[in-house]
Amino acid sequence: MQVSSLNEVKIYSLSAGRSLPEWLSDRKKRALQKKDVDIRRRIELIQDFEMPTVSTKIKVSRDGQYIMAVGTYKPRIRCFDTYQLSQKFERCLDSEVVTFEILSDDYSKIVFLQCDRFVEFHSQHGHYYRTRIPKFGRDFSYHYPSCDLYFVGASSEVYRLNLEQGRFLNSLQTDASESNVCDINPVHFLFAMGTVEGKVECWDPRTRNRVGLLDCALSSVTADTEIDGLPSISALKFDGALNMAVGTSTGQVLLYDLRSSNPLIVKDHHYGLPIKSIQFQRQLDLIISADSRIIKMWNKDTGKIFTSMEPEYDINDVCLYPNSGMLMTANEAPKMNIYYIPVLGPAPKWCSFLDNLTEELEENPESTVYDDYKFVTRKDLENLGLAHLIGSSLLRAYMHGFFMDIRLYHKAKMMANPFAYEEYRREKIRQKIEETRAQRVQLKKLPKVNKELALKLIEEEGEEQQLTRKRKQKNLPSLLKDDRFKVMFENPDFQVDEQSEEFRLLNPLVSKISEKRKRKLKILEELEAQEQEEEEEPEGKASDAESSESSDDEKGWVEEVRKQRKLLRQEEKVKRQERFKEDQQTLLKPQFFEIKEGEEFRSFKDSAKKQKLMKKTLGDRLKLEEKLGTLSVSDTTVGSKQATFKLKK
């Protein structure tokens, strides 16, 4: 049994673990259970709860005693008796089942819609009757007051088959080209069908008239959703008299109130896969929606996720056992999954021991399977001299290493390293030294870059902590511990230049405060050096830094700004004088230019004229050349222009 937890909701997978083959004898099964931990710890809730290849649909009878599932291959139905915790019967069919419905409270009346247009009826003893509908069907619903079966599929018509009279009635003509799903409200028996065009049509079975039309495709597209193509309706489910949930082929679930054409809430699965099943959990007001990859449980009022499950194989159908916390799925795998979620409700009465089992697991959490094993790499095995055990039963391969028995590991380590006691003694001495060091004054390790800024932040943080303690507020995160500002204390490019003009003018009093910090930095560096040399300090020594503090901070910041301005002017004057001396020392040399081949040098004015001419537009250049006589433009008889020009020498 596997246990997973999401949003503090525990989910117990009862079908996890390997299943034993049927042909094994009881003696071999017992021997395997003794050897293999996985087989010993598994829970087989219902014996042989599986299909040969794939299971497609799963349902529970109204009395809760029978669980029925259909699958392949060969196409078949299996009925499981929960009171006996085993399979009751199995029947093979001629073709695959699209969907089925249990008409009675138990297994005595079942209807199957098959992929070859046949509708097959089964009674308690087996096959009873078989008929055919005109078009391929995709879903059907049973109307209890009139005993009518409503079939929808690859047609614009809804076929009606009356089981009391034993004949087809006039079909309902819809506006849809094809329909995917249908459902009948259990309170007022309103018939609803989901179409390929993304619409839901509602019909009144009493008058056989359409009473409503919902455009779900338009409502499913919100600002956050991205869809490819037109969403069609893939799932439909009523809840009570007024609520209806609709699932689309693009992975959205829409919850409607029948009195409004706008959805109350739109929930996106974010996988872009068609919604396969929708179930309602009324005790906690949850909606359980599933596509082929994930089962999501969310609050129908707020849309907040309650929990979710991602099985190993693709999901075909989901069934919630009534009035309990048990959930069953039909998958693209032989084994059908059973999940138990205690938060949703108690275990069914036929497996009430699950409640006691889960309570014991929560009170006494068991150790994991590998608590008695040690993980070692290939290098560790070579160091221990156990490399020759690779491939034997003493080592179990796992990821980039192996699991071995912890007792074997300790024995091998004792033999490989006989001086382990000396290492243990050294480690204990080192721990004692560390404990005595912890009793000393703890030094603040400052970063390599911006030490003064880091010291300033530490001082401010200490002051803020005192204030927050008095006001009983939450402490704000420190900049030194924040990853976003980590580079500022590691990269030398972020070093604050205190000699720059901007820094000195914007921070006139920083110079006085920085003197104190520089003194503190010197003291800290000296202490760090002493710590590295492992020299013991005489206790009770007074520090000179605190006693030498003066009251220079009381001077006005205006005088400090004036002093800084004077200093900056003097520095600028010195820099100008240095530049002037450098300019006098430099000698100007004449520059020579070469003329390209094939060009004559007339004067510098021609080049200037050429540059001016090149800046002008094409029209201005043509007019200038027309005036100079190098270009002539004339009209022709056809109506076009003719231009003749002379090449320059």
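Keep in mind that glycine also has a Cβ here, set from the backbone N, Cα and C atoms.
Feature annotation from TrEMBL assigns coiled coil to 426-470. Confidence annotation: the coiled coil (426-470) carries a mean pLDDT of 73 in the model.
Annotation comment: TrEMBL describes 528-538 as compositional bias 'Acidic residues'.
The domain 'Nucleolar protein 10-like N-terminal' annotation in TrEMBL covers 1-364.
The domain 'Nucleolar protein 10-like second' feature in TrEMBL is assigned to 369-417.
The list of residues near the domain 'NUC153' (482-508) in space but at least 6 beyond its ends in sequence, with Cβ under 8 angstroms from a Cβ of it, reads 447-450, 452-454, 514, 557, 560-561, 564-565, 567-568. Marked as domain 'NUC153' by TrEMBL: 482-508.
Taken from TrEMBL, the feature region 'Disordered' covers 528-558.
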For the domain 'NUC153' (482-508), the number of residues DSSP places in helix, strand and coil: 16 helix, 0 strand, 11 coil
Residues in the domain 'Nucleolar protein 10-like second' (369-417) grouped by DSSP into helix, strand and remaining coil: 21 helix, 14 strand, 14 coil
